Amino acid sequence: MDHASPMTRWLKGLALTLVVIFFMFPILWIVLMSFQTNETILRMPPSVVFTPTLENYQALITGKLVSSAGVLEIQFMRNLMNSVILSVCSVALSLLLGVPAAYAFARHKFRGSEDIAFTLLSFRFAPPLLVLLPLALYFQDLGLANTYIGLIWVYQLICLPLILWIVRGYFEDISPDVEHAYRLAGHSWFSTFRRIALPLAGPGIAAAGLLAFIFAWNNFVFALVLASADKQPVTVGALAFVTASGIQYGQIAAGIVLSIAPTLALALYAQRYLVEGLSLGAVKG
Amino acid sequence: MSAPALELDRVSKIYGAKAARPVRAVDAVSMSVAKGEIVALLGSSGCGKTSTLRMVAGFETVSEGAVRIAGREVNRVAPAKRNVAMAFEGYSLYPPLTVRENIAFALKSARLPREEVARRVAEIAHLLEIEPILDRYPASISGGQQQRASLGRALIREADLHLLDEPMGQLEPALRALLRGRIKHFVKERGLTAVLVTHDQTEANALADRIAVMEGGVLQQFASPAELKDRPANLFTGTFIGEPPMNVFQAQARAEGDALRLGLGEGVALDYPAAGFEPAVRETILKRGRVTLGVRPHAVRLDPAGAPAEVAANQWLGDQSHIAASFAGGTLVTVEHDRARLRPGDRIGVRFEPADLHVFDGETGAALSHGGRAA
Ligand SMILES: Nc1ncnc2c1ncn2[C@@H]1O[C@H](COP(=O)(O)OP(=O)(O)OP(=O)(O)O)[C@@H](O)[C@H]1O
Ligand SMILES: [Mg+2]
């Protein structure tokens, strides 16, 4: 890498720039849109020169959508809060269940353990709609429809397999003899798990948790089918912007900015873990 | 009489017992290690040495039989409660801790006073020549250094039993030889009991009071180094122990008057007068008919009047000559301590004294006689 010619370096730089522009441009455009009114957004020809306005954000935060047809109540902040509650709780539950399970699958091979682990992974491949409709009926009967608990339960379909498989790879990477040595020094199986295995797999667990958080945050269909307005996350709540009087582009943009902000911040903060966690998961899984 | 430090009672390890093809890695091994004794498990790769140690330490379940440590059956006792220390075959240092902390770990867990811990770490580090790396992290030291660090971590403890799985496999011969002596002294001085796994006969001979030779999961013989060499229990131990390996020939025994005639291939026959063998042994050999003869290379005598052989190669190793000769349809190796002036193609005569002759059953390989006396 170090001895690459200036030409290759330049080309590489160019390629990277193109990729970054390709992926970042929509985000940039949306950020710009969020500071404009519907009129400036829709003018022809489009232009990047405009007087920024905080109107859109104001409308979202106060929950009053002012349009030509009148004032519409929306619950964007409530949706955002729901997203936070659902994602955080689902990931927390998944970590609680998935990390010990991953350890068990990594360390104790028993008959059928591979099959069970694979079955859990296969939840990720199944088309969600296939399970959702029957699930919706059951949830109605059980009284779980439109509850946080019910949604968090269903979100385990997203988070648990992810955490299980990524973290398992990390545990498998730790030499069992490290743990054995610790146990011989007079420690129980559980304290070995807590004091040796968990800290060594720490980065992997963090990466898996973050990924699971992002997936949970971005989920749409589960909440669409199983939750009504007061439990809906932003992904579903954003539908409210499509109103009878037209589409409120500025407000949608502001909504998008607000809703991707947490995941974006998390992803940037934990970039290194994410890449490690993802590539390891890919190799191991 | 106090109970042996370790007792294996017909212990077996079967991997994948319910799978299509179970592996019997250890097969009904029985042995007993006295307190203060050093025992070496010697055998080729995959013969079940590590599996045996792991059952003793408690990381593998015992499929059959019983493991007793200091008289207590431990089949179902957690590793933490067995009071056993182990140096692992792979490296097993805890990465976030320095070498010093790794070695001191068990003592700290046992809440020993700080000065005592420091003193013992220093002693061990000196013993194993790892003082310069005490404050480094496992990831930044060499394989041999990691191995010594994990050996140190095992030796520093005062356990009922020390299990050392190839503790010096990664070291160069000179350092190995040095550490062998030191470790033996250390273990003996403290009256520790150690079971050591090794591939290296020299190491087993130098360190161990008794050696357990294993093959295919089966304990072949458990005896002192001298006994293994002089009185191998079967053909496997006979050929496995000793460097260069024992010469082996198929022979047909029959009586020639009073003498015992052992017919080898290509018309070569060795005649031994009745005095060379105990009458009962002679009887047994004659009854078997087909036997296998074993002669250690050091015991082959060059004698122009002996049976004819033709030199195939002559290697001077700096302190001894290894001469390979074709003899009775096979190859015979002999060791001479002077630089023998023999070239390929030279004709020589060889002779085996009855006292040097090992006779094994031609079918089962069980030893029949050593030096003319019953095995
Ligand atoms: N977990 C396992 N599952 C199945 N088979 C195993 C397992 N561990 C070991 N074996 C098999 O059991 C046999 C004995 O293995 P073991 O590790 O005890 O050999 P070893 O004598 O220590 O060899 P080496 O000198 O190479 O370390 C081998 O054939 C091995 O393939
Ligand atoms: Mg081994």
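We number each residue from 1, going along the chain as drawn.
From the backbone N, Cα and C atoms, a Cβ is placed for every residue, glycine too.
Outside the transmembrane segment (A:12-35), and at least 6 residues removed from its termini, the chain residues within Cβ reach (under 8 Å) are 4, 41, 48, 50, 52-54, 56-57, 249-250, 253-254, 256-257, 260. The transmembrane segment annotation in TrEMBL covers A:12-35 (among others).
Positions annotated as domain 'ABC transmembrane type-1' by TrEMBL: A:80-270.
For A:84-106 (among others), the entry in TrEMBL reads transmembrane segment. Non-local neighbours of the transmembrane segment (A:84-106) in the same chain are 113, 116-117, 148, 151-152, 155-156, 158-160, 162-165, 167-168, 170-172, 193, 197-198, 201, 205, 208-209, 212-213, 216-217, 223, 233, 262; each lies 6+ residues outside the stretch with a CB under 8 Å from one of its CB atoms.
Taken from TrEMBL, the feature transmembrane segment covers A:118-139 (among others).
According to TrEMBL, the transmembrane segment annotation covers A:145-167 (among others).
The transmembrane segment annotation in TrEMBL covers A:204-229 (among others). Proximity of distant same-chain residues to the transmembrane segment (A:204-229), defined by a Cβ-Cβ separation under 8 Å and at least 6 residues beyond the stretch ends, is recorded for 75, 82-83, 86-88, 90-91, 94-95, 98-99, 128-129, 132-133, 135-136, 139, 145-146, 150-151, 154-155, 157-159, 162-163, 166-167, 169-170, 198, 235-237, 262-263, 266-267, 270, 273-274, 276-278, 280-281.
Under the heading transmembrane segment, TrEMBL lists A:249-270 (among others).
Long-range Cβ contacts of the transmembrane segment (A:249-270) within its own chain (Cβ-Cβ under 8 Å, at least 6 residues beyond either end) map to 27, 30-31, 33-34, 36-38, 41-42, 55-57, 59-60, 65, 76, 80, 83-84, 206-207, 210, 213-214, 217-218, 234-235, 237-238, 241.
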